[in-house]
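Annotated in TrEMBL:
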type	residues	note
REGION	1-30	region 'Disordered'
TRANSMEM	81-105	transmembrane segment
DOMAIN	90-579	domain 'Amino acid permease/ SLC12A'
TRANSMEM	117-140	transmembrane segment
TRANSMEM	205-226	transmembrane segment
TRANSMEM	233-253	transmembrane segment
TRANSMEM	306-326	transmembrane segment
TRANSMEM	347-370	transmembrane segment
TRANSMEM	382-405	transmembrane segment
TRANSMEM	436-455	transmembrane segment
TRANSMEM	461-482	transmembrane segment
TRANSMEM	494-512	transmembrane segment
TRANSMEM	518-536	transmembrane segment
DOMAIN	590-679	domain 'SLC12A transporter C-terminal'
DOMAIN	788-942	domain 'SLC12A transporter C-terminal'
Amino acid sequence: MIAANNVRSTNNDPVESSESSPITGTTANGHGSSRLIRQFGSLFQSAAGASAAQNADPAGYVEFGSISDPETQSGRTLGTFAGVFCPVALSMFSALVFIRVGFIVGNAGLYVTLLQFVIAYVILLFTVSSVCAISTNGAVEGGGVYFMISRTLGPEFGGSIGTLFFLANVVGCGLAISGCAEGIIQNFGPSEAGAEGGSIPDGRWWRFLYCSSINTLMLLVVLIGAEMFAKTSMMILGVVVVCLVSTYISFLSKGPLDVAIPLENDLVQNATFRVNGTYSGLSMRTLAENLGSHYGRDYTSHGNEVNFAVVFGVLFSGVTGIMAGANMSGELKNPSRSIPAGTLSAVLFTFLCYIGLSVLMAATTSTFLLQNNFLFLGPVNLWPTFVTIGILTATFSTGLSNLIGSSRVLEALAKDKVFGSLLNFVVRGTYKSNPIAAVIGSWVLVEAILLIGSLNTIAQINSVLFMLSYLATNLACLGIEITGAPNFRPTYKYFTWHTAFIGLVGTAVMMFVINPIYASSSVILCLLLVIALHLFSPASQGVQWGSISQALMFHQVRKYLLMLDSRKDHVKFWRPQMLLLVSSPRSCCPLIHFVNDMKKGGLYVIGHVKQGEFSENDSSNDPTIEEYTQWLSLIDHMKVKAFVELTLAKSVREGIQHLIRISGMGAMKPNTIILGFYDEEMSKDFFEHENSPYRTGEFDDNGIKLFPYRRNDEQKSLLTVDYVQIIDDVLRMKKNICLCRHFHRLDKQMIAKSNHIHYIDVWPVNIFEPKNEDPFDVVSLFMMQLACIINMLPVWKRLELRVFLCESETQAEASTPFERPAEYRLNQLLKSLRISASIHQIPEWNKDMDFPRHRNILKQFTSKSDSNQLMTEENINRSKLYMQRVNQIVRDKSNATAVTFMYLPAPPKVGTIDYKERCHHYLDLLTELTYDLPPTILVHGINAVTSTTL
């Protein structure tokens, strides 16, 4: 054992039985609009490249956990505008802005469209608020959302959500590439120029070639690095904004015209009958027509009916890019400032763009055209080429953002060893902070997605996966806010638990609105990943990120402990709360396991006393601090559900008093104290024994054995009288007590398989003072309760519970149960207590025992002894002989017994004549009584623990 330098200690372990006599230790919220204005100021200062603006932090965001200059951090080159605003804005535009807003307005109507945009952006805003709270509460590294969630929810949830988020980005990249290819074919393929014309051919494999070419172009951009990506995204955003502005100008200036319905729309036309839609220009009549909902059918999906859920699913799938900036966290100079400022600005910018576009469409375009030509913006634009360029650039940038995001998440998963050595190639394949291997790996997966061809179904899954990551982000923030963790102090001031809760509920509901089947499947997949990572991931075994589950459990346990009132305890709901006092666990492993079975869902504390003194002049640390971790490792090795309490005391007796008083908390305090028996039997090291199920080398530190135990040739440090006084202390502290002997013989595996062991025995008779009322007193009822609890467990359930009745001679000779009131009463009592047990009479009891003659003699060694009565040698010898005869009777009945429960009389009272001698003989008689028995528990209960009432 580790001991402090100045701790006075002895070299002998106290009280050692074959169970190590488990008793003793070894020796030893908001700043108003001005804040938002400052955020926009910092945003555009960053875009201009002013280094002073980059370092001054005008928005008041502080990056925790990093004291280095952001400008000098290797690989961090991006500012707020290039690194966050541009990727987020482009991802939220995607293909929706040019080819799906008309579909939404035409079916849902302007009122519902505006409502859906408000709902979607409220959910997004609250989710962004959670992202900002996490990103401003500490230094954010690469991996974005994965990094935030894993460092908050722990490796299991973080790894599972990160994996799904990685897949969502991969699928999102494939979707964007397919949309880009569709735009190319619509404008330059046969569908636009006639069946035989067109600049480029069309077909399944031709489309795959176009998609692969676009994917490879994206790969080259990303391989060049994040800086090139930032420059590309800034340029693309500029192009998209110009194209969007051209659309606004066209709506305001262009007059009425007819627009052809595409050939592929066979819902309103056929090969011989062609129709056109009407573009009216700005018109109050057209606006009035488009205010209400007119749900129709979708000509791109075989005429499926459109409803609110379908429209909202399309809308929301187009604005799922709010995490694009967070994905770039590893390349940002100051992520704690850039992520909130850039994301919020992009959300506001895209919201205004979408609202303006929806109103202009409703005021200029007929419902028929909106529903039957999703690419009508080209013909109505003053410069149709701008719409084509806008579609291509928006989809290309979205795919680029998703490819970057997926590679960064994969890199973070690899660095955290979430999947062990499976992703080591990603870590080794990094060059100048650019994860080359992760980018190529993501590119390969995108190629696999493109092979599928049609991605309509996968698009819905993609939306659900993004929603699941948003849900997890809100959940992380809500949980950590509820726990009230003092270190959760985000500098982003607009976050509260209300925003996280609304975001959580909103994302959860919308997941199932979009598609309940895919939402359920994604949640199940996430849970399976959580379980798999918890069981097999190396990251979940040794990481010290801190898990919110620990904080939540602490919060809830504290709350319910305060609600648990010991004054409201009722015997109906009594359960054993065990304190097992252990000297060395090496020699009492079976007993530790047995008590774990006997606790029946109650409190289980393993207590240990380290002898020594913690004086004021002692400069060393408390030795129990260093040993505590070793005991926790023991709990893990033994696989028991127990707490550990260690104390340092001058004597074993004093230390045990400490443990009894301080163990537990509130109403969860031990009510039953368990000690090993004080005997001279040989100890056994279960950690080294060849056939031991507890064998391990974990507790051998470079030849030094942790948890040393008393060798057979070493003297005990605890005297007999001290041991008996400990028993007396326990009873005077109003605790039940159990003394356990021979538990080194207990083998649960053999009990489960053996055909020889059949019984659990209870002897409800006070051998020191037998009476016919013994089976009905508190001690006997406590014994039967413990035996019944053991008999409930699977390993012990096949054993029969036997109760042995030892009656006086007159009652034993009665012929009917009514003439034998003790047996009849006991049978009725067992029935009323719902204890399934058989009652066995002991005929030998009255033949061999002279109760009246021995009763007064044996009382001398218990608490009922006459303080003035002297002990004689003759009485001592007769008492030992009596105990030997009782022991023989019990042994004869115990050939097939797994565990025996016996009545423990109270020890002699302090202050009686020859007190030390009485203690010595008291323990000698208990030793004779339990000699060579199966594993035996001597029990003394002090309170009622059984109830016959409802």
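Every residue number used here counts from 1 along the chain in the order it is shown.
Heads up, the Cβ atoms here are built off N, Cα and C, so glycines get one too.
Counting Cβ pairs closer than 8 Å and at least 6 residues apart in sequence, the transmembrane segment (461-482) and the transmembrane segment (347-370) reach fewer than three and form no contact. Within the same chain, residues 155-157, 159-161, 163-164, 418, 420, 460-461, 464-465, 467-468, 511-512 sit at least 6 positions outside the transmembrane segment (518-536) and bring their C-beta atoms closer than 8 Å to a C-beta of that stretch. Remote same-chain partners of the transmembrane segment (306-326), defined as residues 6 or more beyond its termini with a Cβ less than 8 Å from a stretch Cβ, comprise 83-85, 87-88, 90-97, 100, 103-104, 107-108, 112, 116-117, 119-121, 124, 127-128, 131, 135, 140, 144-145, 148, 165, 172, 295-298, 338-339, 342-343, 346-347, 350, 354, 398, 401, 405, 459-460, 462-463, 466-467, 469-470, 510, 513-515. According to DSSP, the secondary structure content of the domain 'SLC12A transporter C-terminal' (590-679) in residues is 36 helix, 22 strand, 32 coil. Averaged across the domain 'Amino acid permease/ SLC12A' (90-579), the predicted model reaches a pLDDT of 82. Highest Cβ contact count with the transmembrane segment (382-405) among the listed stretches 117-140, 205-226, 233-253, 347-370, 494-512 falls to 233-253 (criterion: pairs under 8 Å). Here the transmembrane segment (347-370) lies next to the transmembrane segment (117-140) in space: the count of CB pairs under 8 Å, restricted to residues six or more apart, reaches at least 3. Counting C-beta pairs under 8 angstroms (sequence separation of 6 or more), the transmembrane segment (494-512) reaches the transmembrane segment (117-140) with 3 or more such pairs. Below 8 A, the CB atoms of the transmembrane segment (436-455) and the transmembrane segment (117-140) form no more than two pairs separated by six or more positions in the chain, fewer than 3 in all.
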